[in-house]
Structures are given as C-alpha cells and as structure tokens.
C-alpha cells in the first residue's frame with residue numbers, strides 16, 4: 001500500500017510543485033492570501049475562493065480526464081453545462097422540487113454524453129468533430145429550454161447547491177471533492193481504469209484481447225456529460241439563474257487545459273484524475289493571482305496562454321528528448337575499462 | 001530473345017546499409033528492353049529497398065546503376081522519372097477527385113496563351129488511353145472508375161513521363177481476376193513497345209503468366225535469376241524460402257487426437273478469403289502454410305472474429321456459435337496471438353502484469369476486478385512457467401524483447417484457460433532460445449489436449465509440431481497434408497502447385 005501511495009505521490013509531484021509556486025505568487029501579491037476566517041457560519045478566505053470558484057473546471061476535468069485517456073476529447077462540456085442549468089432552472093420554475101430539477105439536469109447531461117459516445121464509438125466519427133456538433137448545437141438547445149431569456153429562480157434548495165454551505169464549507173467544494181473521490185475509487189477499485197488506459201494506448205490490441213471498447217468509450221463520454229451537468233447546475237445555482245449564452249462559455253478549454261497540466265497525454269493512455277484536479281486548482285490560482293495583483297483581467301487569458309505554451313513545450317517529445325540528452329551528458333559516464341586502458345598510455 | 005540486345009538498365013553491386021543491418025548486399029539486376037522481369041522474395045528480402053534505390057527514394061551506399069550504358073544517381077523520384085524510370089504502386093498514387101485527364105497531365109497540362117486548354121487536354125488524354133486499350137471518358141473524375149482502370153491510368157501516366165523502365169510494385173494486390181487481365185493486357189502492350197518492366201508481386205501464378213525472367217532476393221542478396229520458361233514453381237519457391245529441403249520425419253508422439261472441437265463449414269468473406277471448411281480436434285495442432293498474402297493471417301482473423309465472416313457457419317462441439325467479434329470468440333474460450341505483435345498484441349505502456357491479465361479481466365468485465373493477490377499469483381506463475389525475462393512485473397511491456405513480449409502474450413491467453421488457441425507467426429522476430437521454448441510449449445499444450453491452429457512461414461517449424469498441415473495459396477485452401485505426408489518438400493510442392501491438379 002505504501003508503495004502505491006509513493007508512486008501516486010511521484011506522479012503528482014510536478015503538479016504539486018507548480019500549484020505551490022502559483023499559490024506562493026498569490027501570497028507575494030496579497031500577503032493575506034492564506035488567511036481563513038470563520039464568519040456567519042461560513043469559511044472565508046482567498047484559498048477557499050480558489051477551491052470554490054474552481055469547482056466547475058474541477059468537475060469538468062474529472063470526466064474529461066477519462067475521455068482523453070481513451071484518446072478522445074469532449075468539446076461539448078461547456079454547452080452541456082448550459083443545457084443542464086437551463087433544464088434545472090425551468091424545472092424549479094415550473095414548480096418541481098430541487099431534487100427533481102437536479103436529477104432531471106443530470107439525466108439530460110448523461111443523455112448528451114451518450115449522444116457523443118455513440119457518435120464516437122459506434123459511428124466512428126473523430127471525437128473532436130463528434131463533440132463539436134453538440135458544442136455548437138448545445139447552446140441553441142439551452143436557449144430553446146429557457147425560451148431565450150435568462151431564467152431566474154428562487155428555489156432555496158437548488159440555490160444551496162451553488163451558494164450554500166455545509167458545516168461552514170461551500171457546497172461546490174464538497175461536491176467536486178466527493179465526485180473526484182467517487183470516480184477515482186470507481187475506476188481504480190474496479191478494472192475500469194486499466195481497461196480505459198488499454199483502449200487509449202492501443203485500441204486494436206485491446207479489441208483483440210476481448211475488451212468491449214465500444215461500451216467503455218460510450219461510458220466515458222456519458223460520465224463526462226454527467227460531470228458537465230453537475231457543473232452546470234452549480235453555476236446556475238450560484239447566480240440563481242440559467243444563462244444559456246454564457247454559462248460554461250469556453251470552460252471546455254479550461255477543462256482540457258487542466259487535464260494537460262495534470263500531465264495526462266492528449267494521445268491517451270495512463271491518466272490521473274487527482275493530477276487533473278490539481279491542474280484545475282492551478283488554473284484557478286492563476287486567475288486569483290491576476291485578480292489579486294490588481295492587473296487588468298485582460299491579462300488572465302494571455303498568462304493562461306503562456307502557461308499552456310510552457311507546458312506543451314515541456315511535454316513535447318523534442319524537448320523531452322533534449323532534456324534526456326542533457327541529463328545523460330551531465331552525468332559522469334560509467335567508467336569504461338577498455339577505453340581507459342586505451343587512453344592511459346598517452 | 002533478350003540476350004540479343006543491349007540491356008536498358010543494369011544494377012551492379014548495389015548495397016544499402018541501415019544502422020545494424022545490411023538491406024542490400026551487392027545486388028545485380030539486368031533489365032532488357034521488352035521483358036517483364038519479376039522481382040521475388042519474402043518480406044524483408046530487400047525488394048522495396050532495391051526499388052527505392054532505383055527510384056531515388058534512397059541513396060545507394062555502393063554499386064552502380066547504368067541506364068542505357070550511362071551511370072545515373074537519381075536523387076529523387078522526380079529525377080528518376082525524368083531519366084526514364086517510372087513507378088506504379090499498389091495504392092494508386094493519383095488524385096481521385098480530379099478528372100482522368102487532369103491526372104494524366106498534372107503538372108504538364110497543355111496550354112494555350114498561358115492558360116490550360118481543357119479541350120486539348122481531353123483529346124490528348126483520350127488518344128493516350130486508347131493506346132492502352134481503354135475507352136473511358138477522360139472528363140470524368142478518376143474516382144468514377146474501378147481500381148483496375150485507375151491502375152492503368154497510373155501506368156499510362158508513368159509511361160508518358162518516363163518511358164524506358166516501368167516498375168510495378170504489387171499492382172494487382174487488390175484486383176480481382178478480370179481486372180488483373182486488364183492490367184496484364186496493358187503490360188503486354190508496353191512489352192511490345194520495348195519497355196523494360198519490373199513486376200513485384202506475391203502471386204506466383206501471375207509471375208509465371210506474365211514474366212519472362214525472375215530474380216529472387218533473400219536477406220538482401222540475389223539468390224538467382226531464372227528464365228521462367230525453363231523453371232518450375234517449386235524451384236522458385238525453394239529459392240525464395242531457401243530451406244534445405246531435407247525430409248525429416250519428426251518422431252512426434254502418435255497423435256492421440258480427441259473429439260472434434262471446432263468445425264467451420266463454408267466459412268469465408270468475399271474479397272478476403274475464399275470459403276473453406278476446417279475441423280480441429282482436441283489435442284491437435286493444425287498448421288497453416290503458404291506464402292505471404294496466401295491467406296494465413298486472414299484465416300486466423302476470420303476464426304477469431306477479428307475479421308467478420310460473411311458466409312458459412314461455425315460449430316463448437318456440435319453447437320452452432322457466432323464469431324462476430326473477438327469478444328464473442330473469447331467468450332467461447334478462443335484465443336489469438338496475432339502476427340503483428342506491436343500493433344495488435346501488446347498494450348505497450350501497460351505493465352507486463354496488466355498485459356498478462358488483460359484478456360482474463362476483459363472477459364470478467366470491468367466491474368469484477370481480479371483481486372490483487374490473484375493478479376500477482378497469475379502473473380508470477382506465468383513468468384516462471386514460460387521463463388519470461390524481466391526486471392519487474394511493473395515495467396511497461398514495450399521494454400521487453402520480442403521473444404519475451406510473445407511469451408507474455410501467450411501468458412495472457414493461457415491465463416484465460418482457452419480450449420482453442422490460434423497462433424499467427426508465433427516465432428517471428430524472436431531470438432533462438434525463445435523460439436525453441438515456444439515450440440516446446442506448443443507441443444506441451446497439444447499433449448494436454450488443447451486444440452491449436454498455427455500459421456507460420458517457417459516450414460521446418462510447421463513440420464515439427466503439426467499433426468496436420470493445410471496449405472494456402474491465393475487465399476484458398478489448396479491441400480491438406482497428414483501424418484507422413486508432412487514434409488517441407490510436400491509443403492513447397494503444394495505451395496507451388498506444380499501438378500496443377502485442379503483447374504483454376
């Protein structure tokens with residue numbers, strides 16, 4: 001067991017170092033960054049904000065990690081968030097309970113995921129094209145649900161999911177941590193994780209080994225749709241309304257970025273949900289540093305872009321190879337008795 | 001006829017070295033005008049390397065190429081085209097969305113006042129195609145025509161551009177019998193025009209049908225050049241495979257074959273494999289012999305559901321079963337170690353341990369994970385039983401040597417406790433030690449009562465372990481050898497089909 005903990009720790013080490021570095025940057029620009037207070041029955045502090053505001057990206061990257069592990073990608077998650085928010089809002093506006101609204105939104109999210117999964121696994125459409133369909137169409141569907149308006153609601157149960165607290169901790173934090181733990185447990189305590197990795201590494205071999213790749217690929221898109229729906233409900237609940245145009249806008253890119261920062265290869269294979277979640281926190285901490293430093297928010301996108309470039313460059317085979325060569329040449333060569341013998345007469 | 005004239009192309013002592021390998025070792029090849037010269041050899045013999053040296057795709061490391069008596073060193077395929085050496089590949093290298101005429105004249109369209117003259121181009125294309133006996137509309141897109149017609153268009157373009165030497169690299173691999181005739185009629189015309197044609201194929205019948213001479217390569221060397229008029233197919237096959245054809249009767253334990261396990265009736269798929277019947281009993285090793293492209297891998301794939309059969313039925317112990325996917329086959333306790341270990345066998349980045357339990361876990365379903373202790377026990381047991389050499393069970397399987405990867409794949413399937421094990425080229429690319437161990441394992445599994453089907457290009461190997469050998473040729477089963485009939489020379493004879501007993 002300790003060996004397992006050790007290998008997990010080694011896997012997430014680079015992400016942890018980046019996270020700590022960015023958090024330290026936060027501390028430099030805003031010395032009170034790490035202060036957490038307990039007021040009005042709720043925890044307050046910048047660190048709590050990072051955890052809370054990072055919830056949508058964190059939720060999305062859980063599903064996205066699995067999709068990317070199968071060599072796929074899900075561009076539709078932002079749009080699915082908008083659909084799920086719209087469905088939840090319209091259900092409570094129609095007088096249904098918040099539980100019904102939540103379940104309805106999650107079901108719709110799962111159906112969206114199923115649609116993507118069928119396009120990818122059964123019709124064999126390239127994932128980037130298959131999910132682009134719903135990315136574009138999804139906001140239209142969400143607008144149809146809200147009938148073109150920002151659908152506001154006052155249902156306290158639903159609002160609690162986005163803006164409430166449980167024993168002083170904001171609910172979204174608890175939701176993403178719980179879902180992260182649940183999905184990690186499911187994929188690692190069953191054989192799901194290994195089979196997903198096998199498909200991502202070599203689908204032909206996996207199929208010939210008798211793995212039902214079709215069902216597994218459909219299921220990862222389904223999980224991704226479910227995660228997106230949950231994120232959509234939280235975002236809608238937070239602003240007490242469903243905004244079909246802006247809810248989850250561009251968030252699919254943040255989710256993909258979180259997965260990539262988490263050290264998961266876009267070429268599929270080995271994955272770590274934990275590392276992706278740390279990736280999501282890194283993104284949110286970067287947002288926070290820009291906000292706290294008083295820089296105009298325009299810088300946010302540019303700095304994010306710089307981080308993407310830096311990480312992709314470090315991950316590129318060319319740089320990896322160069323680093324490998326550098327390290328190999330820096331190390332003293334193992335002594336070669338024949339060579340030494342040859343050189344000694346000189 | 002050929003010796004009367006000067007050769008059009010002469011290769012003298014061509015060598016090509018790759019890191020750690022000699023691809024071509026002082027190869028000589030002489031082409032006379034008006035001859036079709038077949039270039040033969042198994043995969044890796046050096047055919048493509050030689051062609052690439054001729055067409056300028058590779059630089060030769062030694063030797064001379066003389067074209068009409070003058071030394072040439074083409075630096076690119078365009079270079080060699082200009083010099084007069086044209087090439088047509090198996091996959092047509094044209095643009096299917098352009099018209100036939102545009103494909104023929106791409107890059108050198110006839111112009112009028114600086115603009116392309118469509119009308120002139122269409123007439124020219126029509127005339128050119130008529131020379132090749134092809135009456136098609138050159139204004140239609142190329143994709144409107146069959147692969148054979150596209151192939152002829154490619155040949156027409158190559159001949160127009162070059163016109164001295166034409167290299168046909170497996171031009172008939174994806175054509176049916178009538179289409180082959182169309183291509184061959186064009187080749188005959190070009191031969192009459194005095195072109196020298198190099199013909200590469202795996203179909204021996206076609207070699208004898210169209211070629212005047214054949215040069216056989218093996219391991220980068222020319223083994224021999226023969227006038228085909230005075231040569232038997234057996235001689236050519238023997239040259240290609242290079243076996244010492246001693247008839248060693250193996251002292252194998254008398255086959256105590258059990259009940260029939262698998263019965264395939266009229267099983268096949270159009271365009272992949274002619275329908276065949278096959279019965280495999282428990283405690284029996286059925287060998288599949290044949291040249292490359294004869295249908296060995298296809299047979300294995302069909303039975304395992306990797307290729308879906310479109311006719312025939314399969315019976316397992318008398319009960320009809322479906323073999324629509326590998327998953328279904330695995331559920332019936334079938335197993336397949338594929339020929340292409342890297343792309344169809346191992347999951348490179350997963351650990352050796354995970355690779356070993358993969359098929360068993362897939363059959364169990366993801367929600368019933370094998371307990372950790374069981375996984376370790378299984379993996380360690382097979383590593384020991386098959387003597388898989390590794391530093392750790394946690395290392396990615398891609399880091400193992402070929403022989404150890406193959407053993408790990410065998411372990412993967414043995415862990416599923418199969419009733420029927422299909423091995424496709426189980427000893428390809430592995431070292432001598434592992435080779436002997438795998439053969440011993442096959443014998444042991446047979447003695448334990450498993451049914452095995454083994455496809456291999458190593459004839460000695462098949463002779464050593466098979467209780468029956470089925471010989472394939474041009475995607476058909478042509479002969480079955482039993483008991484004392486199983487000798488390398490009988491296999492070669494069946495592959496070459498000298499007797500021509502059955503009409504085609």
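A Cβ is built for glycine as well, from the same backbone N, Cα and C atoms used for every other residue.
Because TrEMBL annotations are produced automatically, they should be read as predictions rather than curated entries.
Keep in mind the model is a prediction, meaning the values are calculated, not measured.
It is A:215-237, from the ranges A:215-237, A:238-260, that TrEMBL records as transmembrane segment. At the 8 Å Cβ threshold, with sequence separation of at least 6, the transmembrane segment (A:128-146) comes into contact with the transmembrane segment (A:99-121) through 3 or more pairs. Beyond its flanks by at least six residues, the transmembrane segment (A:99-121) meets 63, 72, 74, 76, 80, 83-85, 87-89, 91-92, 127, 130-131, 133-134, 138, 155, 157-158, 161, 213-215, 217-230, 232-233 of its own chain at Cβ-Cβ distances under 8 Å. Touching of the transmembrane segment (A:215-237) and the transmembrane segment (A:75-93) is concluded from the presence of at least three CB pairs under 8 A, sequence neighbours closer than 6 excluded. Sequence-remote contacts of a segment are chain residues at least 6 beyond its ends whose Cβ falls under 8 Å from one of its Cβ atoms, and for the transmembrane segment (A:158-187) they are 38, 41-43, 48, 51-52, 54-56, 58-59, 62-63, 66, 88-89, 92, 98, 101-102, 193, 196, 223, 227, 230, 233-240, 273-274, 277. A contact between the transmembrane segment (A:50-68) and the transmembrane segment (A:75-93) is present, since 3 or more of their C-beta pairs, 6 or more residues apart, lie under 8 Å. Residues of the same chain lying 6 or more positions beyond the ends of the transmembrane segment (A:75-93) and with a Cβ under 8 Å from any Cβ of it are 56, 60, 63-64, 100-102, 104-106, 108-109, 112-113, 116, 128, 131-139, 141-143, 145-146, 151-153, 155, 158, 224-225, 227-233, 235-237, 241-245, 247-252, 255.
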